[in-house]
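Engineer: So Swiss-Prot says this about it:
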SIGNAL    1-25  signal peptide
DISULFID  CYS76-CYS87  disulfide bond
DISULFID  CYS127-CYS135  disulfide bond
DISULFID  CYS137-CYS157  disulfide bond
DISULFID  CYS206-CYS220  disulfide bond
DISULFID  CYS208-CYS215  disulfide bond
LIPID     SER212  O-palmitoleoyl serine
DISULFID  CYS278-CYS309  disulfide bond
DISULFID  CYS294-CYS304  disulfide bond
CARBOHYD  ASN295  N-linked glycosylation site
DISULFID  CYS308-CYS348  disulfide bond
DISULFID  CYS324-CYS339  disulfide bond
DISULFID  CYS326-CYS336  disulfide bond
DISULFID  CYS331-CYS332  disulfide bond
Amino acid sequence: MNAPLGGIWLWLPLLLTWLTPEVSSSWWYMRATGGASRVMCDNVPGLVSRQRQLCHRHPDVMRAIGLGVAEWTAECQHQFRQHRWNCNTLDRDHSLFGRVLLRSSRESAFVYAISSAGVVFAITRACSQGELRSCSCDPKKKGTAKDSKGTFDWGGCSDNIDYGIKFARAFVDAKERKGKDARALMNLHNNRAGRKAVKRFLKQECKCHGVSGSCTLRTCWLAMADFRKTGDYLWRKYNGAIQVVMNQDGTGFTVANKKFKKPTKNDLVYFENSPDYCIRDRDAGSLGTAGRVCNLTSRGMDSCEVMCCGRGYDTSRVTRMTKCECKFHWCCAVRCQDCLEALDVHTCKAPKSADWASPT
């Protein structure tokens, strides 16, 4: 009897996770609000008291976070552009993504990580651009230092990523820290993985000073890489995400399949398998793939066979304006003609049942 009971206790926290209704990060809705601090803070639904406090105290930081939402959602959509679930957002939903993130899936893990990374990136960039009263360039990067190439002087404006990480942790994690359930711990883990991903690509840039461009003196600073690098890295982590269950005391994770390694702080973790996203499903938050463009010659996730879930596809002939007959003219211009190009566009058929058309 002990073994079955032990199994029940191991899975009980996961069952409780599935029944947890409030898992969305309502601060994501900040991209749809604007204006003065009080107006914005009081009109974002679902913020906890700590988040509202930070919102009122740092209106300039909140504006940076709000602008950053558009950037990280665009990056999410870029990474999922060839998949059945394409990180589509719902403008009228305060959770931004609807019910799809109620499931503790790989997709949820990625969204929490990329959103947390986006906050770090947006705040750090705003610091360096002098847009925030509470921070500026990294104050620790002063004086002389050494690297593999020799001695250099810290100069310019080093990105103050430590401030960005500190504020992001305080603001983004506030709601999850109030929760004691397994999903909150999952979100906190993936939030941290996202923050660490941005810092991973902090790079040292230098400028040489000397006669004829020689490097007699070097001035260096630390700069964040383009956010695409963070997105690409987290995408790889999404593909290698580790399914976990809560341990018996509810303080950490255990791998669901003992053949896999224990997740590190850099890995993404999830509890539930993803739906197939083939049809519109109100409960799963899936919009389905009916009408999605597919690639007839691909063998990947964007292929018509995979994207359309075996339902087949429709083909339509469309024309578009392109540049053609381009010629180089001395000096120094390339001149092209405008030409009409005809091409076939393939879109996924809808399921035969009319149920797919019901609103999400």
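The backbone N, Cα and C atoms fix where each Cβ goes, and this holds for glycine too.
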Engineer: Per DSSP, to which secondary structure element type does CYS87 (disulfide bond) belong, with helix, strand and coil as the options?
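Structural biologist: Where CYS87 (disulfide bond) sits, the three-state DSSP reduction gives coil.
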Engineer: Cβ neighbours within 10 Å, counted over all protein chains: which one of the disulfide-bonded residues CYS135, CYS137, CYS220, CYS309 has the most?
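Structural biologist: Of the disulfide-bonded residues CYS135, CYS137, CYS220, CYS309, the highest Cβ count within 10 Å belongs to CYS135.
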Engineer: Can you grab the distance from CYS137 (disulfide bond) over to CYS331 (disulfide bond)? Cα atoms, rounded to a whole Å.
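Structural biologist: One finds 43 Å between the Cα atoms of these residues.
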Engineer: Hey, of CYS87, CYS127, CYS206, CYS215, CYS294, CYS304, which of those disulfide-bonded residues are within 10 Å of CYS324 (disulfide bond), Cα to Cα?
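Structural biologist: Cα within 10 Å of CYS324 (disulfide bond): none.
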Engineer: Might you list, by sequence position, any residue in that chain lying six or more from CYS308 (disulfide bond) with a Cβ less than 8 Å away from its Cβ?
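Structural biologist: Residues satisfying the criterion: THR289, ARG292, CYS294, CYS348, LYS349.
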Engineer: Give me the CA-CA distance between CYS87 (disulfide bond) and CYS278 (disulfide bond), in Å, as a whole number.
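Structural biologist: Approximately 14 Å lies between the Cα of CYS87 (disulfide bond) and that of CYS278 (disulfide bond).
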Engineer: Please tell me which one of the recorded positions listed here (CYS135, CYS157, ASN295, CYS304, CYS339) sits closest to CYS331 (disulfide bond), measuring Cα to Cα?
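Structural biologist: The smallest Cα gap between CYS331 (disulfide bond) and any of the recorded positions is with CYS339.
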Engineer: Whole-number answer please: how many Å between the C-alpha atoms of CYS206 (disulfide bond) and CYS304 (disulfide bond)?
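Structural biologist: Distance between the two Cα atoms comes out at 47 Å.
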Engineer: Considering the disulfide-bonded residues CYS87, CYS206, CYS324, which residue's Cβ sits among the greatest number of other Cβ atoms within 10 Å?
Structural biologist: CYS87
Engineer: Can you tell which of CYS157, CYS208, CYS326 has the least company, meaning the fewest other C-beta atoms within 10 angstroms of its C-beta, among these disulfide-bonded residues?
Structural biologist: CYS326
Engineer: Are there residues of the same chain, six or more positions away from CYS339 (disulfide bond), whose CB falls under 8 angstroms from its CB, and which are they?
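Structural biologist: Non-local contacts for CYS339 (disulfide bond): MET321, THR322, LYS323, CYS324, GLU325.
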Engineer: Does ASN295 (N-linked glycosylation site) have same-chain partners at least 6 apart in sequence with Cβ under 8 Å from its own Cβ, and which are they?
Structural biologist: GLN82, ASP302, SER303, CYS304, MET307, HIS346
